[in-house]
Structure formats: C-alpha cells, structure tokens
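Positions annotated as active site, tele-UMP-histidine intermediate by TrEMBL: A:His163. The feature Zn(2+) binding site is assigned by TrEMBL to A:Cys42, A:Cys45, A:His110, A:His161. Residues or ranges marked as domain 'Galactose-1-phosphate uridyl transferase N-terminal' in TrEMBL: A:3-173. What TrEMBL records for A:184-304 is domain 'Galactose-1-phosphate uridyl transferase C-terminal'.
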2 protein chains.
Amino acid sequence: MSELRFDPVKKIWSVIASERSRRPEDFLVRRLTANGEHTEVCPFCPGSEDKAGQEIFSLRDAQGDWLTRVVPNKYPAFRIEGELQRFAHGMYDCVAGIGAHEVVIETPKHHMNIGSYTDKVLKDVFTTFRERVLDLKKDTRFRYIMPFKNYGTLAGANLEHPHSQIIALPVTPDIVKTKLTSAQEHYRNKERCIFCDILNQEKDEGSRIVYENQDFTAFCPFASSLPFEVLIFPKRHTHCFEKSDDSELSGLADIVREVFRRLYKCLENPPLNMVVHTSPPSVRRPSQPNYWQSIEQDFHWHIEITPRLSGIAGFESGTGFFINPVSPESAAGFLKGVN
Amino acid sequence: MSELRFDPVKKIWSVIASERSRRPEDFLVRRLTANGEHTEVCPFCPGSEDKAGQEIFSLRDAQGDWLTRVVPNKYPAFRIEGELQRFAHGMYDCVAGIGAHEVVIETPKHHMNIGSYTDKVLKDVFTTFRERVLDLKKDTRFRYIMPFKNYGTLAGANLEHPHSQIIALPVTPDIVKTKLTSAQEHYRNKERCIFCDILNQEKDEGSRIVYENQDFTAFCPFASSLPFEVLIFPKRHTHCFEKSDDSELSGLADIVREVFRRLYKCLENPPLNMVVHTSPPSVRRPSQPNYWQSIEQDFHWHIEITPRLSGIAGFESGTGFFINPVSPESAAGFLKGVN
C-alpha cells in the first residue's frame, strides 16, 4: 500500500506510491516516448471493457450503450480498502494511502482533442463527476475529493483515449487548506465571499475575462502563475459543484468547450490540466470545531484550467512562485480574439 | 518593469514579467525545439564576452583568463534600478519587480554535462555564488537571495553553455516563509535545529543516505515529492552558505560532483534543478520583530537537487502534493549502487 509522508519543514504531504514503483530506466523510456503509452488494444475503447477493470459507474444512452464509464485506476496512488491509520516514523508523520483513485472514460471515441469536444460529451463528463463526488462524499474517511483531467503527455496523461480522474484523499492538501482558510478569513472579516469579490472586480475591469454565458464566467486570474491559466466560476454563489443541476451542467459544458476550443486554436493543442475544486466533505473535526461551519457562505466552487507550456525551473521549485512571461490581460486578449 | 502580484486565495506571489513578454506562437516553438536555443555564436563562450552583457563579477586564473563570469540576465524577471514600491490594485496586492537577476557562466568550456563536472569547476561556481550573495545581501531592498541552476530544457535551461543564476527578491517567497517558520517553531519548542534533527535521524536510519564526506551529507528526503530528489546539508550547524570557507567549499564541490555523477549514470543525464537555500538577509521588519532573531540557531543552509523526470499533472497542480513512484529508500539504493 502507498504511504503519505509529511515534510516537517516544507509542511507538505507526498504520496510514496509503491504500487507505481519505478526503476531508473523507466524514466528514460518515459522521456523518449513523447506521445504516451501505445498499446495494441486501447483498454478504454468499446469491446475492451474487460481490460479496463471492474466498472464503478456508467452513464448510458437509451440503447444501453455506455457514454462514460468509471473504473479503478490500474496504478492507484490510493486504495479504497483498509483502515485510515496515522502513525509516526521517528520525527516524521505518515498516513496509510487510503483513498480512491478512479478513471473516468469520457467517451467511447478513441480520438478526440480539446478542440473537438462537444457540449454533449462535456455534459456527460461533468454529470459523471457529479455522481461520483456525491457517492465518495458518503465515505467519512475522506478529507478531499477532486475530479481532474490530464491532457497530453507533458501534462501527465499516459493514455491517448479521452479520460479524466477522480481522487479522494485521507488528508486535506496544503494548497486546498490555504484556499479554504483564505476564504474563511475573508468571510469572517467582511461577511462576503472572497470569490464573489474577485468575480465582481473581474467584471468591473473586464480586461481579463475570456468568455461568459448565463451561469459562468471564465477569466485569466490577476496573479496568474502560468501563461494562459483560466479560471471558471459559477456566477451564483454556491460552494458545491456536485449540487449543480442539469441546466447548470449544460452551462458548464458550454463554457469549458469554448475555453478548450480557444486554447486549442491559440496555442495549437497545448497539453493542459483541468481541476474541479468543490467544497470538502463537511467533517467536523474536534481540533477545528468551526472549520467547516461557514463553508456554505465562504467557499465558491471553481475550475482551474492550466496549459503546460514549459517545465518547472529552479526558481519555481525553490521559491514556489512563478515567472509568467504572459500577463493575464494579454492572455485574455489572445483568447478573446480566437474565432 | 515586471510586477509581482499576490493571489489572495492561494496566498502566493507570481511575477508577471513584461520584459520576457511572449506571444502564443512562441510556446509552440519552445515545445518543438527540445534542445534549447541554438544560436550561431554562443554568447557565453570566450571571445563573445561583449555579447553576454556587462560583467558584474569574474573569477580569474593567474594569467587573468576568466574561470567564471557573472552578467545580468538578458531577459530579467527583476530590475535592479528603482524604488521598492508596494501598491494595491483594487482588492489585489502588487510589488514592483525590483530585484536582481544574474547569470553565472560556470566555465569557459561550452560542452559539459553533469557527469563531467570537476571539483575545480564546481568550487569556482560555489565561490562565485558566495561572492555574489555576500554583495547582494548589502542591498536592504531584498528579502531573499537564491543561487540556482537549471540543467536541460525540461528543467528550464534555454542555453547549452554551463550556467546558473542568482536571483534577489523584494518579497520572501511562500515556500521559504514556511520553511523559516517551521524551523523557528521547532527551535522555539525544543531549542534544537529541525535540520540537525533530520540529519541525525537520517544518520541513524542510514537507508536514505546517498553519499557523505567530512563536512557534508547527501540524502533522499523522507517525504520526497519527486523521484531521486537529493538534499545536501553541511554536517556542522550553520545558517549561512556564504560564510563557508574555502575548505568547506571544497567539500561541497566534492559532494555535488558525486551526486551529479551518480544521477547522470543512474538516470542517463536527467534534466535537473539545483537550488541553494541560505538564510535571508536579516532585515527586522516592524510587523515581525522577532522573525529573524533566532535565525542563526534555527536555520541550517542546504542544497536541493531535483531531477525533472516527468511533468506536473493535474493532481499535483490541484493539491500541491505529489505522487512519487520511487520511494526515497529505493532512490538512495540505486544512487549508492552507482560505480
């Protein structure tokens, strides 16, 4: 089983994933095969359902054919079975790698790029995310549940067939904790949602907005770490992605399709990551009695889309902050200009 | 001039570097040219000194020929001239991009890889780092000064000629602040240096140690975020890299050469980053009167060496924590086994 280990100086968790154990030569292979794993038969295509693993969930059409399928990750970073053990190793802290690690097969079609997604496919994907998050939130061992997508080898995708992942974690990750705390502090001081304040300033200024529809706004964040980063926020204040109704998911599919299409055209099919940040399960822990109390008011779910246009360099890894050669105002300008 | 912008939710700074301004098509070019910028004439080779920019510092041999040279970065993220302005932009916070961004040309030789560095070259490089850090620490506008090296395109290097960089920042980066605070808390609670405690546990266990000499220890950290990460610590408690004497720099050159050589052999010349973390300038700010008081006791300078074997994926970017498929115990085992 994998193990979460805590760095007592940097205060971050890392997952030491023995199930994915690699030897030095494996990394060389990964560097040389730039287009991901090529297998004779794609395990995610129709007809290979038995190769993809036991089905956890599927969305099906009127004929009973699947539109999306959810299966366990073949090389899971976390295992669903077992007790949530927390233990010390000398001065270090560890947690057993309990969690969930699922793969969402987004469509039966093997070939699809971010420029060719349709509203229909994206709505199916987000509906699948919603159903899985609702189910995983029932498990009280989990502290954070996150749907995300890696697109392209440089963004971490190993298989070509369109897919995304859902992970459920036994700890609240550091970045998420910071976001939750910032939102909570802001609300405590001002009785306003920090994300709603950001949306209002973006709307007033206008220069960083990429696209909007009735329910959602997409913009390049003011302090973008990376070029062409895009955030998507629901206009209505709401902390839970998984409480979105079908009409909201249609609006979400529309805006994601449009952002994908513009990134595809503007940056010629860039590798990218997409992450859905919804409020964590409302576990009230004794040490933090009020931690989750205000989350309905202070958190606002959102999606981060991050093209991966260059590697991480020493400056970034040493400081945690980024040198971004494209201002969010010009990135938004380029994306707005796409026909 | 570039601008530092603060993300009010993630609580991190980003540098929006207008001097490096890029258009969408530039990123495509970067993706396609995997081996860095190829210019007709290398600006860092002997004979092209006028192309590299105004010399800030050089180390020279008895004949007056240079061994290392320091020049301003041609595309600086920060400018040395100007006032340290801090200002608001609506709800957002900004700081003018004042700082230093220097390039260290490590040797007159154009071709050198991490497998072929000699003790002599590395000692010259670290001596150059020492002299520049001592000089930059005199400037009271700077909050953090960091020498670092990007090696290979995937680790952010744009030029082939062996070089590293030194950056001086007008804010303390978030990761650094966390490290300083962890060290300070540990010292306050226990009157012991957290890094000395780590060194002791590593020495007791032994399984993560890669190499050691009289003055330094190299090990794979217990909670390694990335495969084959290596930390180098001076055995003697000391907070300041730049106070190292010539004999200590010889020991440092020896251990870095050995770690580089083993990574080169084990991972076939991997791209990597090396970062030197020394204590920040001891500026005592009114808001944090005791912040720097104990730094001599609680901080311990160190070097981080991080091979870049795979990209950043959605899970990492969404949570800030990493799935590492190689345990530090097996990474250390592989590196120890190199002849």
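For all residues, glycine too, the Cβ spot is worked out from N, Cα and C.
A:His163 (active site, tele-UMP-histidine intermediate) falls within a strand segment according to DSSP.
Ranked by how many other Cβ atoms sit within 10 Å of their Cβ, the binding-site residues A:Cys42, A:Cys45 place A:Cys45 at the bottom. In the domain 'Galactose-1-phosphate uridyl transferase C-terminal' (A:184-304), the DSSP tally of helix, strand and coil residues is 48 helix, 22 strand, 51 coil. One way to see the shell of the Zn(2+) site is to take the Cβ centroid of A:Cys42, A:Cys45, A:His110, A:His161; the remaining same-chain residues with a Cβ within 8 Å of it are A:Pro43, A:Phe44, A:Ser48, A:Lys109, A:Leu159, A:Glu160.
When secondary structure is read from DSSP and collapsed to three states, A:Cys45 (Zn(2+) binding site) falls in the coil class. Each of the recorded positions A:His110, A:His161, A:His163 was scored by the other Cβ atoms within 10 Å of its Cβ; the lowest score goes to A:His110. DSSP assigns A:His110 (Zn(2+) binding site) to coil in the three-state reduction, outside any helix or strand. Each residue contributes its Cα atom, and for A:Cys42 (Zn(2+) binding site) and the residue listed as 'active site, tele-UMP-histidine intermediate' those atoms are 12 Å apart.
Looking at the domain 'Galactose-1-phosphate uridyl transferase N-terminal' (A:3-173) alone, the prediction's average pLDDT is 88.
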